[in-house]
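Colleague: Annotations per Swiss-Prot:
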| type | residues | note |
| --- | --- | --- |
| ACT_SITE | D205 | active site, proton donor |
| BINDING | H5, D180, M181, E182, S204, D205 | purine D-ribonucleoside binding site |
| BINDING | G21, R25, R44, R88, V89, G90, S91 | phosphate binding site |
| SITE | R218 | site 'Important for catalytic activity' |
Amino acid sequence: MATPHINAQPGDFAETVLMPGDPLRAKYIAETFLEDVKQVCDVRNMFGFTGTYKGKKVSVMGHGMGIPSACIYVHELIAEYGVKNVIRVGSCGAVRDDVNLMDVVIGMGASTDSKVNRIRFNDHDFAALADYGLLEEAVKQARAQNVPVKVGNVFSADLFYTPEADIFEKMEKLGILGVDMEAAGIYGVAADLKAKALTILTVSDHIIRGEKLSSEDRQKSFNDMMKVALETAINL
């Protein structure tokens with residue numbers, strides 16, 4: 001049965017869904033990496049696809065930009081379509097000095113300036129964590145493919161253009177690896193609905209050093225990350 005934001009039918013989604021922010025990136029993943037692909041939803045042009053990877057059923061769907069958008073799609077996938085594993089695949093801006101362009105960052109935990117998880121938890125702090133089984137498998141797959149990987153805390157920002165000029169230095173001091181805009185919200189939804197979630201990010205720029213990937217290196221880095229995510233998805 002369709003939801004307000006997803007017009008797929010029951011059974012259209014695999015138990016594991018890979019979720020980039022950009023719906024066109026979801027289309028790229030489906031067309032590049034999956035076989036026997038079927039488009040299962042297109043409401044608001046937020047495309048979703050299901051196919052197979054090495055013979056195993058996998059789905060991919062965009063979640064939009066920011067915690068509110070991501071939470072809507074993740075909630076509906078889990079609550080209405082029976083999805084059990086959500087793996088966000090995206091990019092981040094690095095802040096810690098030992099994190100480099102093209103590294104893969106896996107968000108073991110996610111800090112945030114959003115109140116979304118405080119709203120869930122009677123205004124208390126909530127430790128937004130990845131599922132350990134997903135995390136362990138992703139690290140294993142990254143190392144098997146010789147992809148440089150860092151595991152630790154990320155920061156999910158509500159504002160892309162932040163007015164807090166000193167926040168990145170404080171993040172670095174606290175050991176935060178990089179900044180995205182969704183992980184903390186996704187982890188909160190998964191915890192609330194008793195599902196599993198993980199965030200895998202490729203480092204597209206270094207905020208403090210002012211470094212950025214070229215378009216060619218950005219694509220290669222994304223493809224490397226996707227192979228890690230897909231191998232994780234089929235080995236759960």
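Keep in mind that glycine also has a Cβ here, set from the backbone N, Cα and C atoms.
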Colleague: What does the structure give for the C-alpha distance between D205 (active site, proton donor) and S91 (phosphate binding site)? Integer Å is fine.
Modeller: 9
Colleague: Could you measure the widest C-alpha to C-alpha distance across H5, D180, M181, E182, S204, D205, the residues recorded as binding purine D-ribonucleoside, and give it to a whole number of angstrom?
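Modeller: For the residues that bind purine D-ribonucleoside, the greatest Cα distance is 32 Å.
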Colleague: If you measure from the C-alpha of H5 (purine D-ribonucleoside binding site), which of the recorded positions G21, R44, S91, R218 fall inside 10 Å?
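Modeller: Within 10 Å of H5 (purine D-ribonucleoside binding site): R44.
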Colleague: Any idea what the Cα distance is from G21 (phosphate binding site) over to R218 (site 'Important for catalytic activity'), rounded to a whole Å?
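Modeller: So the alpha carbons of G21 (phosphate binding site) and R218 (site 'Important for catalytic activity') sit roughly 15 Å from each other.
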Colleague: Would you identify which of the recorded positions H5, R44, R88, R218 has the most other C-beta atoms lying within 10 angstroms of its C-beta?
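Modeller: Top count of Cβ atoms within 10 Å goes to R88.
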Colleague: Measuring Cα to Cα, how far is E182 (purine D-ribonucleoside binding site) from R218 (site 'Important for catalytic activity') in Å?
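Modeller: Spelling it out, the Cα of E182 (purine D-ribonucleoside binding site) and the Cα of R218 (site 'Important for catalytic activity') are 20 Å apart.
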